[in-house]
Amino acid sequence: MKGIITTTEEKKEAPDGIWNKCPNCKKPLHYSEQVENQYVCHYCGYHLRIGSKEYFAVLFDNNEFTELFPDLTSGDPLHFEDTKKYTDRLTETQFKTGLKDAIRAGVGKIDGQDLVIACMDFNFIGGSMGSVVGEKIARSIDYCIANKVPFLMISKSGGARMMEAAFSLMQMAKTSAKLALLSQAKIPYISLLTDPTTGGVTASYAMLGDINIAEPGALIGFAGPRVIKETIKKDLPKGFQTAEFVQEHGFLDFIVDRREMKEKLASFIKMMAN
Ligand SMILES: [Zn+2]
């Protein structure tokens, strides 16, 4: 009871999140070691879930980039309310995460070559795809076409944002159409699927890369396993909806360890540019 009813002010702070437990092997990981190891557990190779800030630091040369369209925020076209008002949920989440929505885009260099990266943040309402996510992707693609720069999309999402209903679903068509224009302009598009990539994100831009790659062990799927099981009335195979299973069945080109990601991406971009 004592632990449960302790007020926040009385709680002892662990020394600023310096230690973290690996969710897979449960061994303690020191923060500085995590950063050094690109947030991969050095005991078991588990890829910790990270956000746009960390991916930009891992991929952009010297962590130097210019953020694109940083001030886009969501409206509330449906005046949606569940346990709380959507507008309140947005304000709270923005305050808690320091993010404006579930995606950030930036332009910078990777191994000396120009690249635009749009990266989703799972911390922001489950990385849900709403109008801001779709719009930032669309504008990033416009930027890539205007400046002839390759596009990398890093997906991490629970799917469409239900608080925006049909406005979320429209983003699937919008981003797919923009990617078709990018393809016509012969500019490379690399899609990186990370843990987890599901729902409408999988069903649109995440699977439309010139190459589709994933991090090891990532959950990748469209509908949840229970829904599928009830629909097909069969047990699902082992490892179903892991990156490895999805690759085996032809949806992914390859799986890349995050520690080798930058080098691999840079070499693809070089190859495609030539
Ligand atoms: Zn581990």
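Backbone N, Cα and C atoms are what each Cβ position is placed from, and that goes for glycine too.
Long-range Cβ proximity for Cys44 (Zn(2+) binding site), meaning a same-chain Cβ under 8 A and a gap of 6 or more residues, is found for Cys22, Asn24, Cys25, Lys27. In three-state terms derived from DSSP, Cys44 (Zn(2+) binding site) belongs to neither a helical nor a strand segment and is classed as coil. Taken from TrEMBL, the feature Zn(2+) binding site covers Cys22, Cys25, Cys41, Cys44.
Under the heading domain 'CoA carboxyltransferase N-terminal', TrEMBL lists 18-274.
The feature zinc finger is assigned by TrEMBL to 22-44. Counting only same-chain residues 6+ beyond the ends of the zinc finger (22-44), those with a CB under 8 A from a CB of the stretch are 50, 54, 58, 257-259, 261.
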Quick check: which same-chain residues outside Cys22, Cys25, Cys41, Cys44 lie with their CB within 8 A of the centre of the Zn(2+) site CB atoms?
Pro23, Asn24, Lys26, Lys27, Leu29, His42, Tyr43, Gly45, Tyr46
Which of these binding-site residues has the least crowded Cβ, counting other Cβ atoms within 10 Å: Cys22, Cys25, Cys41?
Cys25
